[in-house]
Amino acid sequence: MYKFAVFGNPINHSLSPNIQNQFAKQTGFEISYDKILAPVDDFVSSVQAFINQGANGFNITVPFKLDAFKFANELTLNAKIAGSVNTIKIEADKIIGENTDGIGLIKDLTHNIGIKLKNKVILILGAGGATQGILFPILKQKPNQVIISNRTHSKAIRLAKNFSKFGNTCSFSLNKIKYKSVDIIINATSASFDGRIPNIAFSIANNAVCYDLMYGYQTPFMSWAKTNHAKMISDGLGMLVEQAAIAFEFWTGAKPDTKKVLSNLRR
């Protein structure tokens, strides 16, 4: 039996056990998958105890992705560039860190929603860890431009500069975006979690695809997008399922059917 878990704080809300158990049933693997509340100031002790129990791997969510990045002794290219880890695989003495967030987002946008990113103008709201985790996979799709916008403009400037070698990036503060329209808007801020709407011009949502990394309810960002005539609106549930599938394949080598799981969760 494979032994897996997800670490976070808080963690009760996590859908990961449900998703991973559905994948296991599909593919014929026997797994255990727990939710583990790690102390904010002692992530390492929690994961080390889990590893000592014979763990095969685990997922990491807020606020421990940077801690997991530091804890891993081997990193994939995605994890190195993202600077954070959301999936770890244990192989003997190897603690291999991966970041599946960005690839999960791309798969949801392209496979589930049917949106191509090539030659598109993409606006990303926020310049924190969530944005850093998705930028490299987005730029690999060869969009025309990726605009990073953040309340603290210096963070957006730094992120745009750091990723400029992978594609065409630029930055603006949230209330000074100099674009009248874009093709895709991705909300990677915590505004929806806090019940707030990002401070950006209403007109920019007109006829755009609007995607919120948050999931589970009609977020304030999604309501804002609907009011302002977005062409298509989605939450991040598909991304959650797709990134979980990549983690499952990373651990087991088996590729699960995400559409069935996503359909079950949408019911």
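Even glycines carry a Cβ here, placed using N, Cα and C.
Residues or ranges marked as shikimate binding site in Swiss-Prot: Ser14, Leu15, Ser16, Thr61, Asn86, Asp101, Tyr215. The Cβ neighbour count for Ser14 (shikimate binding site), using a 10 Å radius and every protein chain shown, is 17.
According to Swiss-Prot, the active site, proton acceptor annotation covers Lys65, on the basis of sequence analysis. When other Cβ atoms within 10 Å of the Cβ of Lys65 (active site, proton acceptor) are tallied across all protein chains shown, the result is 26.
Sequence-distant contacts of Gly236 (NADP(+) binding site), defined as residues of its own chain at least six apart whose C-beta falls under 8 angstroms from its C-beta, comprise Leu105, Asp108, Tyr211, Asp212, Leu213, Met214, Tyr215. Residues or ranges marked as NADP(+) binding site in Swiss-Prot (evidence: sequence analysis): Gly126, Ala127, Gly128, Gly129, Ala130, Asn150, Arg151, Thr152, His153, Ser154, Lys155, Leu213, Gly236.
Taking the centre of the Cβ atoms of Ser14, Leu15, Ser16, Thr61, Asn86, Asp101, Tyr215 as the shikimate site, the nearby residues of that chain (Cβ within 8 Å, site residues left out) are Val6, Gly8, Asn59, Leu240, Gln243, Ala244.
If you compare Cα positions, Leu15 (shikimate binding site) sits closest to Ala130 out of the binding-site residues Gly126, Gly128, Ala130, Arg151, Lys155. For the pair Ser14 (shikimate binding site) and Lys65 (active site, proton acceptor), the Cα-Cα distance reads 15 Å. Nearest neighbour of Asn86 (shikimate binding site) by Cα distance, taken over the binding-site residues Gly126, Gly128, Ala130, Lys155: Ala130.
Note: the CA-CA distance between Ala130 (NADP(+) binding site) and Asp101 (shikimate binding site) rounds to 8 Å.
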